[in-house]
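Accompanying notes for the structure given below.
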Amino acid sequence: MKYTLTYTNELKWNCSFLRKKCKEVGIEEQYKEHQLRLSISYIIVFQVLHCLFTVLHCILLLTTCAELDLIYVDVCCYSICAVVVIAVMWANVKVKSPSKLRWMTYVTSVIVTALLVFVDLSLNYYHYHINQWILASMYDSYVILMIYIFFPIPYIFPPMALAVYVSILYICYFVIFQNYDNQFRTGNITRYSETIVVLCNYIGLNVIGTGFRVMREIVVRASFLDRHQYVMEANALRSTRARERVFLHSILPPQIAQPIQDEIRARIEFSQKHHNMLVNNRRDRVIAIQMHPDVSILYADIVNYTHLTTTLSVKELVTLLHELYARFDNAASRYAVQRIKFLGDCYYCVAGLIKPDPAHAICCVKLGLCMIDIIREVRDEVQIGIDIRVGVHSGSLFAGVLGSAKLQYDIWGPDVLIANKLEGTGMPGQVHVSERTFELIKNWFEARPGTEAARKDAYFQKFNIFTFLIDPIENNKNIELDLQESFESFSAKERNEGTPELLINEELKKMPLGPKGFNEPLTRLFNFFNLTKQKESPSSSRPEIGLFLLHYHNPRLECQYLHQPDYMLKYSVLQAWCSAMTLIYLQLTYDHELVKGSYYLDAFLILAFSLLLILTWYKMICFWVYADRPHRFSELSCALFRIADNLQRSLIKRILIYIFIIVAYFAIISIILNDCDMDEFQKEHIDSILYQYDGENTMCFAPWALTCMVCSIITNGIIFTRIPFIMRIVISLVVCVTYLSIMLYQFEYLVHISLTTNPFFKSESAHCLMIISTFLAVYCKERQAEFNNKMNYKWRVELLKKQEDARLADQSITILLHNILPAHVVNVYLTYLAKDELYYEVYDCVAVMFASLKNFELTLSNLRVLNEIISEFDRLAR
């Protein structure tokens, strides 16, 4: 059977691939800095936890121990050790230099580890040789978990090496230097078996810790790359959209373009939602017209344009017009005047159109004078006899878009006609204004009576319109220069707002570092220190996520988060398999054959866990082996691939696997507990004390070995990936409560006579302290990780939504642009626009048609009729 091995999705969650990818995209240094910031947040949590753990332990010692003289040494050592540990770890928080902080994390972690191990083993050695107390270790499992979970050592192998070294130290101490015959007070097992049990416990802890480190690096790197990719795409979309918007708004003003664009976007969304169903096209029945009651209209016409068309080549003519109109456009932008369009030698624009402007008449006249200066400069440069007539009138008009295709923004109304006639009856090199405009600008400009042609114009005589010619005054140039400098300053500021690299760095610095629940109290406690400054975006505020169980308040978002594929399932299964094998070995080691069928259950669980391990790892192994060469997989392999993919994608199946693992753990522990005959064991133990002989104690298990395994189970239960956080915490809490209840009530005597961690300290309290400290430490760690994962996912959803909005906006702008210009012109012009280059086309054989309506009064009602007429023309032209 042919099967194409696709490992693309899983590869994105492969540690080596992610490291290579971070280096390729150039964010490895940013990732290292983020890791350092993340380690600082973990240090703060560790300090709080270690302080609470030490205080609780010391209070229990001082309140429950009968002989306090032996306890004072322990309390003093633990207290001094806690102070030194917090002070040493706090040195990482104070360091500001990333290069110095990198080696500081190694030094402080080694110092803290050495101090905790030294205090623990020294107290054991002291009480063993001075007071003849055989004690269990206080910090062995605790230190190993802290190294992997909270210590700021980066990467995977350095913390693993340190944790393995600590494990070897504890094994050597308890196996070699202490009287091993007294190490376990229960069970008639060989020294070799005892060594294997201890060794398995430490191996299990190191496997769980290493797995956690691997998964944490994978999650952080994947989130980092996702955020980098989304920011890059968002920047690209934003740049493209801004360029297209500039192009669009140079043709249609925003207040006209936006409603049409929104309508196009609504159609796109409707079509996508209803499976490409066509929308009833009524755009051509909608008239996009706005009325502007207080504006100034400027008409300009190039004198001798007909002569230019006959004396210049097409390229020379187009280049000249491009130079003139580009300068006109810059001047119009400078004076806040909206260019409407230019047609051949005619250029007209409106002031006060985009935004109401009381100085609209002044701006228009200044623009007219500036245009005269521009054309004179060009005339002197190219030595061509051209000039310009300018007419300006103030009043009201209708502005908008008519028709259904090749949309063109235009203006209509009697005042528009007056401005056009002012230009036609004006003089070259002069600004010809109406009396209404002159009343608005008379304090700014000197004027003289209008032209003879204007006084004889029938339209002007009919409506009693008087005109004036504007003479420029000296202070105009000062105002113009100020506006020019302001315009250039604004443009420079707009250009230098930020480069893409700076924007990406700023976004990556916003990556979450965990909830602030522990940071704030510690800041108040050590107010003379300055904590790392973490910039939180508005979206990372706590109300959006639950405080303790870290659930989204938005159920839909929570459901989407939980239903993500789990491509790290194989790591969780590997950790569960190691814990299960260790627990089964422990059960077989202490097996007394009181539970019938236990071997069958062990065989079934070994087979089930191994099968689950093969299912989740088989695809990755095949990828490692056959990635570089083609291979034809068997039907069995194909079936295993499909099952693994299904397990990764199904939340229900992953929850069933999780529940099966927890139930399997309980089943093995139940066999261990039921294999202990407490009545017989208690009788045997009392007799051995009364008659002073060494009992065989063959009836029961070693409580500390089982407690260590339960700690591993709790850790596995909490850090299992892509299972609802609430479920993991509740089930792990149930495991804690159930185990402690059984051990303290049903097996109270066995726990009571087991080793303790301090002289006269109740063994029951020591067991409880170990279980509770493990649960709290792993919960706080997972709370940090879950918070970061959920914030990253929420940001990812927000970015995807923004990208979709940008895509729809970009699509609507593109459609609108294609409805204004030919498709190839839109694409080419957008490219040339970025380079500020001229684009034109030459056609040797074309037909040009002009059509106009005679005796058509441009009122609002007639504009509706005109819209229908032009729409019909547009349909015919298609």
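Any Cβ shown, glycine's included, is placed from N, Cα and C.
What TrEMBL says about a protein is an automatic prediction, not a curated fact.
Taking TrEMBL as the reference, the stretch among 359-377, 701-719, 815-833 described by the feature transmembrane segment is residues 701-719. The transmembrane segment (196-215) shares more Cβ pairs under 8 Å with 156-176 than with any other stretch in the list 70-91, 103-126, 156-176, 600-627, 726-747. The helix, strand and coil residue counts that DSSP assigns across the domain 'Guanylate cyclase' (296-423) are 61 helix, 40 strand, 27 coil. Below 8 angstroms of C-beta separation, residues 15, 106, 109-110, 113, 117, 121, 124, 137, 140, 143-144, 147-148, 183, 195, 198-199, 202-203, 205-206, 209-210, 213-214, 217 of the same chain, each at least six residues beyond the ends of the transmembrane segment (156-176), sit close to that stretch. For the transmembrane segment (600-627), the list of distant contacts is 5, 7, 10-11, 569-570, 573-574, 576-577, 580-581, 584, 587-588, 633, 637, 640-641, 643-645, 647, 657, 660-661, 664, 667-668, 671: same-chain residues at least six beyond its ends, Cβ to Cβ under 8 Å. With a cut-off of 8 Å between Cβ atoms, the residues of this chain six or more beyond the transmembrane segment (726-747) that come close are 549, 551, 655, 658, 662, 665, 669, 673, 676, 678, 700, 703, 707, 710, 713-714, 717-718, 720, 764, 767-768, 771-772, 775, 778-779, 782.
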